[in-house]
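Asker: As listed in TrEMBL for this protein:
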DISULFID  Cys28-Cys34  disulfide bond
DISULFID  Cys349-Cys378  disulfide bond
DISULFID  Cys428-Cys450  disulfide bond
DOMAIN    584-727  domain 'TIR'
SIGNAL    1-20  signal peptide
TRANSMEM  534-555  transmembrane segment
Amino acid sequence: TWRVWAIYMVLAATLSEEQALKQACPSCDATLSCNCSSRGLDFIPSGLTGKITVLNLAHNRIKHIRVHDLQQAVNLRTLLLQSNRISSIDEDSFSSLGKLELLDLSNNSLAHLSPMWFGHLLSLQHLHIQGNSYRDLGESSPFSNLRNLSSLQLGNSQFSTIRQGNFEGITLLNKLLVDGGNLSQYEPGSLKSIKKINHMIISIRRVDVFSAVVRDLLHSAIWLEVREIKLDIEKEKLVQNSTLPFTIQKLTFNDATFTDEYVIRIIELLNEITSLREVEAIDCMLEGKGVWNAGEKASSRQSSVETVSVTNMTILNFYLFFDPEGVESQVTKLKRLSITSSKVFMVSCRLARLFSSLLYLDFHDNLLVNNRLSETICKDSWPSLQTLNLSKNSLKSLNQTAKYVTNLAKLIDLDISQNNFGEIPDVCEWPENLKYLNLSSTQIPKLTTCIPSTLEVLDVSANNLEEFSLQLPLLKELYLAKNQLKTLPDATAIPNLVAMSIRRNKLNSFSKEAFEGTEVGAVQLSLMECYRSLMVSLICALVFLVVLLLVAIGYKYHAVWYMRMTWAWLQAKRKPKRAPPKDICYDAFVSYSENDSNWVEDVMVQELEQACPPFRLCLHKRDFVPGKWIVDNIIDSMEKSHKTLFVLSEHFVQSEWCKYELDFSHFRLFDENNDAAILILLEPIQSQAIPKRFCKLRKIMNTKTYLEWPLEEEQQEMFWENLKAALKS
């Protein structure tokens with residue numbers, strides 16, 4: 001017996017825990033994922049089982065993780081605890097989570113890190129602990145057992161110290177993020193234990209710490225991204241004598257501030273890191289004039305960088321920034337240059353001629369204008385350029401733009417979209433090898449022979465074109481979307497066309513001659529474009545069926561009657577809430593079922609109308625105006641009555657007519673919040689039997705005393721006295 005009792009107690013406890021979990025996390029059911037985020041939880045809910053693989057407890061109020069909280073969740077792969085108030089974790093809290101792959105403890109209140117927390121997480125790949133309050137990582141490495149770790153995010157606004165040995169045990173990381181905005185102490189060699197870091201992101205402000213970090217990462221990081229740094233002059237050489245090969249291939253500055261002096265140091269750094277291929281600056285600021293002369297020794301050494309990208313650069317003294325000096329040796333081998341959203345209005349001809357190896361140039365979203373193109377694209381400038389993007393600038397003349405672009409003899413691809421050209425000349429000069437031209441969103445009203453016949457790809461989308469009649473024998477791709485075309489282009493004019501986009505036009509039909517029997521490999525057209533008549537017929541049939549369905553539903557549920565009644569009620573709402581005393585004709589309007597008419601007419605009416613003094617009752621059978629709409633009769637009778645008597649019975653509730661009458665009573669009487677309703681129970685009836693939509697009437701039956709007709713004659717006298725008193729009130 002005691003064993004049965006013990007089993008029962010265990011099962012009961014298990015069921016109660018599962019119920020508690022379901023109450024805390026309604027989404028945590030039979031699925032393997034359990035979302036308990038933003039539930040206002042103070043503790044990790046009990047009842048977690050081995051079935052759960054994903055547990056989201058983010059954005060709660062959890063302060064402490066106890067040793068038994070996660071013991072049963074042995075199959076967890078993802079545990080999200082970010083944005084709580086966690087300040088303490090029992091040492092063995094994660095000991096049963098040997099299969100855990102992602103642990104997020106970011107944005108909490110952890111003042112220190114314990115190696116014991118992560119000691120059993122042998123499968124952990126992603127660890128996020130940034131945004132806490134710890135100042136360092138301890139005297140040793142808290143990550144020594146995390147052999148499978150792939151990404152690590154750490155640091156916070158108070159994080160100040162990194163020591164040697166803090167990263168022992170980690171040999172390879174795909175991503176390492178260090179929030180070290182206030183990092184002031186970095187022991188050289190701290191990051192050298194990590195043999196390879198594919199993407200290193202560090203927020204840093206002190207240039208001496210930056211230099212020390214760079215020295216440690218020269219032989220391990222592939223992509224180094226530096227955020228929030230204000231780079232100033234620093235005399236010590238960044239790259240020391242080393243026989244090891246450099247690994248850094250990409251260097252990104254995000255939200256950094258440069259002076260002219262430090263740009264010189266960056267130029268020297270680019271020369272020293274021979275593995276560097278790409279430099280990127282995002283949302284940065286330049287406090288200088290472009291005087292970057294690094295001296296004879298630095299200028300003679302060529303950079304290995306092939307790609308430079310600058311996005312949203314702010315130059316404080318941009319009106320003084322004209323022709324950067326000292327960059328000659330840095331640009332001769334450059335192959336790709338992108339300067340976007342940086343308010344560039346021109347490039348000097350002298351500088352443009354230095355980019356002898358440049359193949360790709362992107363000036364998207366700047367302030368280039370036609371009268372400065374003579375400098376930016378002068379003769380012998382950008383001699384090797386094949387791709388040029390001048391989209392979203394301030395170019396106004398297509399003729400002038402084409403004229404200056406002819407200086408780029410090797411140009412193949414030109415994007416001048418999102419400029420407001422407005423007009424297009426009949427004839428234009430273009431580079432001989434131009435094959436790709438983007439003229440979309442340029443406000444050109446038509447297409448002329450200005451378009452070069454050498455093109456293989458042409459994009460003239462979003463220009464309100466009404467026709468396309470160009471002869472382009474080499475064209476393979478044509479983009480005509482968002483125009484006003486009514487017919488397809490003539491196939492004979494573009495015989496080599498492979499792909500065409502013509503969506504969002506005004507095409508009415510396709511003629512057989514437009515295709516000349518040529519087989520179309522792939523056409524992406526909507527059903528409306530392909531089968532317009534069929535689609536219109538189907539839509540009409542669908543609308544007819546919907547209307548028919550609505551009519552059937554309205555007939556079944558008397559929708560027309562309710563609509564007419566609602567309209568009458570709205571009209572009545574405009575009238576005064578109470579009729580003037582001189583307009584009151586009746587003491588009470590009586591609402592009752594026809595099945596109860598014998599009692600109403602032979603008993604109640606006789607008793608009340610023959611009383612002394614007599615009461616004046618309004619009965620629909622006797623007092624309604626013949627020929628007048630029933631709803632108007634109800635409204636007028638209720639407005640002219642001091643009270644309304646409801647004679648409730650099973651017949652009343654089941655009567656369709658009484659439901660209508662109750663509907664209006666619900667609208668009119670209870671909307672005014674008065675006590676004009678008197679309820680008489682002719683026979684016992686539960687308030688639940690009244691339709692649920694009459695919530696106020698149901699509430700009255702539950703909260704207000706009503707009169708119940710007694711079967712005993714000796715009690716009927718008291719009933720009549722109470723009813724008469726209610727009518728007089």
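Note: Cβ is positioned from N, Cα and C throughout, glycine not excepted.
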Asker: Tell me the Cα distance separating Cys34 (disulfide bond) from Cys450 (disulfide bond), rounded to the nearest angstrom.
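Answerer: Their Cα atoms are separated by 62 Å.
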Asker: Applying a 10 Å Cβ distance cut-off over all chains shown, what neighbour count does Cys450 (disulfide bond) have?
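Answerer: There are 18 of them.
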Asker: Sort out the sequence-distant neighbours of Cys349 (disulfide bond) for me: same chain, 6+ apart, CB within less than 8 Å of its CB, listed by position.
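Answerer: Once residues fewer than 6 apart are set aside, Cys349 (disulfide bond) is near Glu375, Thr376, Cys378, Ser381.
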Asker: If one measures from the C-alpha of Cys428 (disulfide bond) to the C-alpha of Cys34 (disulfide bond), what distance in angstrom results, rounded to a whole number?
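Answerer: Cys34 (disulfide bond) has its Cα 64 Å from the Cα of Cys428 (disulfide bond).
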Asker: Count the other Cβ atoms sitting within 10 Å of the Cβ of Cys378 (disulfide bond), across every protein chain shown.
Answerer: 17
Asker: Looking only at Cys28, Cys34, Cys428, the disulfide-bonded residues on record, which one has the least crowded Cβ, with the fewest other Cβ atoms within 10 Å?
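Answerer: Comparing Cβ neighbour counts within 10 Å for the disulfide-bonded residues Cys28, Cys34, Cys428 gives Cys428.
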